[in-house]
Amino acid sequence: MSLQFIIGRSGSGKSSMILDTVTAELRSNPTGSPLILLAPEQGTFQIEQAILNTLGIHGTVRAQVLGFRRLALRVMQETGGSALVPISEEGKKMLLYKIVRRHQDELKLFGKSADQLGLIERMNDLYTELKKHNADFSRLEEHIDLLESSSRTSSLLKDKMSDLSIIFREFDTELAQFYIDAEDHVFKLAEGAGESSYLRGANIWIDGFQTFTPQEYLALKALMKTAASVTVALTLDRVYDDGLPPHELNLFYPTAVTYMMLRDMALTAGIEVKNTVLLDTSPYPRFKGSETLSYLEYAYERRIPWREDAAPRDMSKSLHIHGAANRLAEVEGAAREMVRLARDEDARWRDMAIFVRNLQDYEHVIRPVFADYGIPFFMDKKTSILHHPLMEFIRGALDVVLRFWRYEDVFRCVKSEFLLPLDGSLTREDMDVLENYVLASGIQGYRWYDGRPWKNAPSLSLELTQDTNGEGMSDNRQLHRLEQCRSLISTPLSTFERRLKRSGNVREMCAAVYQLLEQVEAPQRLDTMAHTALVQGQPQLALEHRQLWDAVLGLLDQIVEMMGDAELELEMFSGILETGLKDLKLGLVPPALDQVLVGSTDRTQTSHVKHAFLLGINEGIMPSNLQEEGVLSDQERVRLSEIGLELAPGMTRRLLDERFLIYGAITAASHSLWLSYPIADEEGKPLLPSEVIRQMKRIFPTLQEGYLNRGTDVSESLNSQLEHIHRPLPTLTNLIAQLRSWRAGLEVFPVWWRVLEWYRTREEWQDATEFLLGSLNYRNRANGLTLATSHKLYGKRLRTSVSRMEKFSACPFSHFAAYGLKLKERQVYRLQAPDIGQLFHAALSMMALNFKDQNRSWGSLTTEECLQEAESAVDKLAPKLQGEILLSSHRYGYITRKLKNIVGRASIILGEQSRRGSFEPIGLEMDFGPGRTLPPLTFQLPNGCVMEIVGRIDRVDMAESDQGLLLRVIDYKSSQTDLRLHEVYYGLSLQMLTYLDVLLSSAETWLGRPALPAGTLYFHVHNPLLQSSNGMSAEQAQLEMLKRFKLKGLLLADREVISKMDDQLEKGYSDILPVAVKADGGFYSSAAVATLEQWQSLLGSVRGIISDIGTRITDGNVDIAPYRLGTETACTYCSYRSLCRFEGSHEDNGYQVLSKPGKNELWERFDELGRKEERE
């Protein structure tokens, strides 16, 4: 029994000495007593490789590279304990979740937080920490009593410890009875080492550790008592045999404490402590090839600058510091250097490694960049599989059952693609069609599996003369395909639901999950995914797919082992399984030998790196600005330590230990070291360089710092630009950047023209090159359609509506997207503002048609009759709106009652307006167009095309006057609307005037004599709330309500005509019309009236505007040119913004900026347009 230390600074040859000793033993006696190398679990693979490479053999039995856990398992096979069921970290968290939920009513703080993100994980971390520090959970109550009796203890800490005592006591009891976890393995090693024949006479070398937990110290003590020899390698600057540790700010403080603890432990146990081997020969073996890196290792801690007159000869080759525009530019710069090393210096990928402090900050950048540069790499991390499609499918299936087949949960399963048939008979595109149908029809709950055939999707139309079958689903073949998709989804999920709900215990619930996965052929799908990943050159992803099935089965087995016979509520079971899935991680070994190692400074260990790249050296990141994230704060840890509950070092010590991690990273390489930092994050927020960068500059004052930007710049030197010519894909991007500068008038080096020629002569790169070259001419503009294309889309005879004309005026591209490409937002089963407006419109039209058939009018109805008719109309229309959406729930039932009140209020007001005038409806829902009641408005366009305006007029009123027949148009609107003349002029509001023009043009044919324009009016359907601070009588309330419904629009400036709309005009103003009359009979300037001549000019102008719009449509105008009028733009509610990518600030884009002329100027313009139209 003996203990010996091998110490030395980083790179001094400690690991090499151990490997040399082991390999010498193996060569001299391959079958002797065991040779054991004890190392951190994550480092064992590299050490095994190193031994085999040194020996030049394929394997060995005598030498074993083990971590604490694997060594413990080896000992337990001899001494007992291997029959206990191993429990994984995921299993522990699931058990913790169950215990917290079970005791939630007793817990003071954590009872309602079981589902809080991260809580269970942090509880498990604390439990593990306590166990590593030999905490006796049966004595927690004693510690709590001490806390309770002390006035220095906060009530928060008392409540925490009370809760933790309840949770951990039961948790520890359950674990001790049936299971063994990672910390128990170390305890079993300490307990059984003395009885192990395998360890007796073994020689043990310990390498790669800086510190140990109290539990590990017990195991090491047992090993020292049993093994023939124990040799410990520590990164330490000198021997500390005097019993005095260095100052805690000393870089080597952690390893010095470890040295002293092990030495004292051995001496106390009577174990021989041999002379310490101190490796201090300069230069250290690792740095023999680099004077710069050798001095860096020496000077980093001491902060001694290199004399400027004696700068190392290899500094520019061995040490590089770079600032970078962002992390992407930083990683691209490192990738270029790696390619250069491989190309120019014959470096192997395995000779290189990237170290970062937080791997999550760089993982998403490194993966795509290295793929573009063709650099194989291995990411040294436990891979979370939470968002793997299989995980999404399992979690989605549980939510389908728990939340009664909600749309989101069902399609979470669908989009995982684990429900698609492997034979490809149904595809993702079929599921997309199904999703559109489900959204439009409001399919959820029992409608998925009730067996009743699905019907066509609900219509968006409430037209009284048509059925309500949806246009898109009229094809029975498509419905049949939808039923196939439905069966593919509902069959396995409904079977899973039945099995899960009939389960008597957790074992049967886990079996239901397994049977679901078998039913959807999950193993075969994972094999297919793995094969695809391999074909795409992603071996690490392929490994994840292959390991996942066993990982999921292992998790289910773990649940069965822990609580198989327990009877749990489905929600509890789901929560337990969800907890396990969230924390399921895969530990992968490198899938190939020649790869770049990518890891974090606190995890990754390697001693055979030639070229190290240390990225992300920013303030607050390296060294890390650690945050308190555990259940206990630093202050609470100190308080617990005072009462004898030992815990891990606090935040202060961990912050100091960050320096040791950095020291290990910057001294890992033997040939070159690359240091870099971004100056901004992904959001453009500034980042500062770390103190590490400043220290490097102090040590090497003459070292020049480089700057990394994305792509190349023509202002750079030729040599700098040549560095960007390497791998085909990133070089092509750089080439395009150079050519873009050339197009801007800048000069580029001739080498780029040779690069362009290379791509053009390589068949495999020609398509990509031509595509990217096209980007040089890219402008965010839509090229106009050719005449042939325009005719193909619209026809030579354009049949269109007025609203379509208005859409074109708002933005030609939006018109093209809607009517040329026929793009539309997908229909969703919910009540929206347009649906409500359509219901109002249809209900009032239905009532008016009924009155006409019964020879009644609005004015003849009482208030009660209006309300009854409104209720009847809404009741008839409700089943036709959006697939009976108003009948689908109590909430919608309440909305229906509100809608009835609104329609009833509107009908009462319409009755009062009718009684005040002599205009009577003569047309309701009047269609105009070929073969309709009225002919279309037809235009012969200058380009030879013919345009027909078709549509439907809500309501036409007529009255007789001394001047002749009068016609007016009324439109029902669910929002406040008015006729704004400037919007008419710009083509944004043409509907009402066009309808009136159609009526006047056809009056002689339709009514037998010509007619005059009486006006166009909008009726706002709503139910306003009256408010008064002093109260009001019923008559006052009725009058105020009438004013709230005042019609908006434009009327003929003739008092007789207006009197026929409101017979109470004598008082000088109207309660129902937008007019006020002066004492002399004239109209106030605010009155919305126009003379007959102005009406003629206005209607003539509208025709000219429509003709111009029609010409531009048929000419193929598809400009991305939305209007802007004040603060209002066409983009505000546009559905096609993601398609056109319009940016008002971009030089290629610009609004149609519209002014708002004065009233007189507008009439002058209309007069001019009207005369022009007459001439033409």
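These residue numbers are counts, starting from 1, taken along the chain as shown.
Placed from the backbone N, Cα and C atoms, the Cβ positions cover glycine too.
Taken from TrEMBL, the feature [4Fe-4S] cluster binding site covers Cys811, Cys1131, Cys1134, Cys1140. According to DSSP, Cys1131 ([4Fe-4S] cluster binding site) is assigned to coil rather than to any helix or strand. Applying an 8 A CB threshold to same-chain residues 6+ apart, the list for Cys1131 ([4Fe-4S] cluster binding site) reads Cys811, Pro1122, Arg1137, Phe1142.
Only residues 6 or more beyond the boundaries of the coiled coil (123-150), in the same chain, are considered here, and those with a CB under 8 A from a CB of the stretch are 89, 92-93, 96, 100, 110, 157-158, 161-162, 164-165, 167-169, 171-172, 181-183, 186, 213-216, 218, 630-632, 639-640, 643-648. The coiled coil annotation in TrEMBL covers 123-150.
Here TrEMBL flags 5-297 as domain 'ATP-dependent helicase/deoxyribonuclease subunit B N-terminal'.
If you take every residue in the domain 'PD-(D/E)XK endonuclease-like' (800-1141) and average the pLDDT, you get 90. According to TrEMBL, the feature domain 'PD-(D/E)XK endonuclease-like' maps to 800-1141.
Annotation for the binding-site residues Cys811, Cys1134: lowest Cβ count within 10 Å of the residue's own Cβ, Cys1134. Every protein chain considered, the tally of other Cβ atoms within 10 Å of the Cβ of Cys1140 ([4Fe-4S] cluster binding site) stands at 22. Cys1140 ([4Fe-4S] cluster binding site) falls within a helix when secondary structure is assigned with DSSP. DSSP assigns Cys811 ([4Fe-4S] cluster binding site) to coil, not to a helix or a strand.
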